[in-house]
Amino acid sequence: MKRRIWSCKARFCYAQNSAIQKPTLSAPFTSTAATASLTKSDGWDSTWLDASCILQDKDLLKKGGPDSKTGIYVLDLIESCALEPDRALFTNLIKKCTNLKRLKEGRLVHAHLMSCFREDLVMNNNILNMYAKCGSMEEAQKVFEEMPVTDTVSWTALITGYTQSGLLEDAVVLFPEMLRADVKPNEFTLSSLLKASGTRHNNGFGRQLHGYCLKHGYILNVYVGSALVDMYARWENIKDAESIFNGLVSKNEVSWNALIAGHARKGEGELALSLFSRMLRKDFKPTPFTYSSIFGSLSSTGFLEQGKWVHAHMIKSGSQLVGFVGNTLLDMYAKSGSIEDAEKVFSRMLKLDLVSWNSLLKGYAQHGRGSDTLELFKRMLSIGVNPSDVTFLAILTACSHVGCVQEGEYYFQLMKTYAVEPQVSHYVTMVDLFGRAGLLDQAERFIQNMPIEPNMAVWGALLGACRMHKNLELGAYAAQRIFELDSNDSGPHMLLSNIYASAGRWDDVANVRSMMRVNQVKKEPAISWVEIKNCVHSFVANDDIHPQREEIQKMWEKVSTKIKEVGYVPDSSQVLFYSNQQEKEERLQVHSEKIAFAFALLNTPPGSTIRIKKNIRICPDCHSAFKFASKIMGRDIILRDTNRFHHFQDGSCSCGDYW
């Protein structure tokens with residue numbers, strides 16, 4: 001809407017022609033139709049008419065001309081007395097500065113406003129809010145301290161500003177001061193304080209604030225209730241979060257998002273997805289934050305069909321592929337085994353940031369596409385995107401997974417060029433790089449020369465390499481270092497036991513198992529999952545409780561017979577206890593991933609891709625069997641274990657057997 005402001009030069013024309021009445025400028029955004037009939041014959045100078053102006057909302061912060069004293073056209077008009085300082089005008093100027101985060105212009109408006117509205121509470125609150133929203137908390141605090149009187153709005157603006165700026169302690173300490181000043185908080189004050197409490201560790205203040213909300217009747221308020229749900233969800237206290245959520249008479253997108261995000265952070269993808277479905281049935285519209293949380297939770301589960309369903313819903317709802325949603329979607333596809341879909345998302349994103357590049361780099365690395373990883377990294381550098389520690393971790397992981405030792409050493413040194421300080425994870429990956437390549441002595445020297453103290457992960461990488469290359473002495477040494485740091489982790493115990501078993505040292509195997517019993521260390525059971533028609537099925541080794549167990553057993557026996565005919569030989573060395581050859585071979589055939597594969601063959605269309613997820617590394621025997629099975633059964637098999645993805649296709653694996 002156009003708002004016309006007549007130059008105040010017109011007010012002085014009565015000195016030349018007293019018959020003409022001075023035009024009224026009671027509001028700066030008014031227009032006077034009568035002035036349209038004024039002509040030079042009526043005593044008006046045409047230069048004065050040229051000085052009149054028409055301001056639109058978008059022109060409020062228009063820059064002044066070459067001779068501008070203030071830098072803003074409207075303020076120049078005020079200083080030249082061509083425009084009266086008016087409450088409505090200043091209110092709109094402040095609002096514009098706040099919405100556009102124009103701090104420089106906001107300071108200029110503040111300086112002019114104080115000459116007329118220094119004692120005005122509403123105007124001071126507007127200025128305070130402007131500084132807070134623009135992130136200048138020092139200036140916001142100064143305005144607050146200089147205000148002759150404050151109210152709930154003043155305190156809330158300051159508290160909210162500190163919270164949004166990440167200065168959580170400063171926000172929290174204001175609350176008792178506010179109460180001592182006899183100023184009552186409102187729902188927005190409490191919501192901001194609860195948000196600040198949620199981002200801190202589980203603490204007494206947050207619970208006290210919850211008690212205050214109960215005592216003063218705010219617990220059913222949708223804003224306060226949503227903030228309470230978010231606070232408890234961030235503390236991973238999902239039971240309390242759900243209790244408050246279920247007690248809310250009125251819910252909004254924020255309360256739904258808070259609980260969904262809480263489940264997602266805990267890795268409870270199924271519960272997050274179930275809550276998302278409930279949200280849709282209640283006719284609440286998901287926000288970008290909803291989709292981001294869901295995609296993030298599905299990244300941890302790795303179930304592709306569910307992720308595709310949510311993605312399809314997002315497309316149908318008309319939601320844009322904004323930055324953080326696109327990044328979580330890309331990550332979800334990569335971690336669910338569809339690197340091709342991840343590439344499509346990457347290519348279609350409107351704006352790429354460092355997280356986008358890192359997500360695809362990590363995806364390539366986990367899928368064993370080393371050359372693609374390095375090419376993408378070069379492309380990233382060529383357009384001026386500076387790498388981070390996450391970038392280099394992806395590069396080193398890719399080198400480790402394909403055995404590019406020299407390239408890995410080069411990129412590790414390149415970190416210095418970009419002033420990226422190596423973290424523990426980078427050292428772990430370098431040990432893994434040397435270890436996988438069989439350079440165990442070099443891996444040990446690298447650990448000895450590390451500028452930081454090696455932790456369990458570093459020694460664990462060396463122990464895993466010793467298991468791979470059957471180096472008993474160095475493996476025992478690495479295991480001992482781990483036990484000194486933590487004797488309750490089952491992984492190192494099992495690796496050491498396996499090393500001894502591979503060497504036929506059964507007494508040492510018995511000693512390790514005895515140590516596990518004494519320390520009450522329990523071995524993590526091997527579990528495999530397969531997703532069919534949006535339903536997830538899980539299997540353990542020698543699974544005999546599944547409703548289709550007989551059909552599954554017959555199917556795998558059929559597959560086993562066929563792959564043996566074309567060269568598959570069971571690797572009995574993977575059975576790490578003393579028994580005869582026949583018993584060892586029988587035990588190999590009931591591994592959880594083989595059962596999952598047989599089940600998928602029974603329940604999916606011929607020729608479709610089979611996707612399996614496993615909670616521990618795939619064993620060499622299953623790896624060999626799946627290579628043959630992919631060719632004989634005409635199926636692509638994508639298996640995700642704890643370290644990487646294996647794409648079995650037409651008798652070969654994407655890892656090139658380097659794992």
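Just so it is clear, glycine is given a Cβ too, placed from its N, Cα and C backbone atoms.
Feature list (source: TrEMBL):
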{"type": "REPEAT", "residues": "120-150", "note": "repeat 'PPR'"}
{"type": "REPEAT", "residues": "151-185", "note": "repeat 'PPR'"}
{"type": "REPEAT", "residues": "252-286", "note": "repeat 'PPR'"}
{"type": "REPEAT", "residues": "353-387", "note": "repeat 'PPR'"}
{"type": "DOMAIN", "residues": "567-659", "note": "domain 'DYW'"}
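Each residue in the repeat 'PPR' (120-150) gets a DSSP state, and the totals come to 23 helix, 0 strand, 8 coil. Mapped onto DSSP helix, strand and coil, the repeat 'PPR' (151-185) counts 26 helix, 0 strand, 9 coil. Tertiary proximity for the repeat 'PPR' (120-150) is limited to same-chain residues at least six positions away from its ends with a CB under 8 Å from its CB atoms, namely 87, 90-91, 94-95, 97-98, 101-103, 106-107, 110, 113, 157-158, 160-162, 164-165, 167, 170, 181, 183.
Within the chain, the repeat 'PPR' (252-286) has long-range Cβ neighbours (under 8 A, six or more residues past its boundaries) at 222-223, 225-227, 229-230, 232-234, 236, 238, 241-242, 245, 293-294, 296-298, 300-301, 303, 306, 310, 313-314, 317, 319, 536. Packing against the repeat 'PPR' (353-387) from elsewhere in the chain are residues 323-324, 326-327, 330-331, 333-335, 339, 342-343, 346, 393-395, 397-399, 401-402, 404, 407, 418, 420, 644-647, 654-656: each is 6 or more residues past its ends and has a CB under 8 Å from a CB in it. Listed as Cβ neighbours of the repeat 'PPR' (151-185) (distance under 8 Å, sequence separation of 6 or more from its ends, same chain) are residues 121, 124-125, 128-129, 131-133, 135, 137, 140-141, 144, 192-193, 195-197, 199-200, 205, 209. Helix, strand and coil counts under DSSP for the repeat 'PPR' (353-387) come to 26 helix, 0 strand, 9 coil. Taking DSSP states H, G and I as helix and E and B as strand, the repeat 'PPR' (252-286) has 26 helix, 0 strand, 9 coil.
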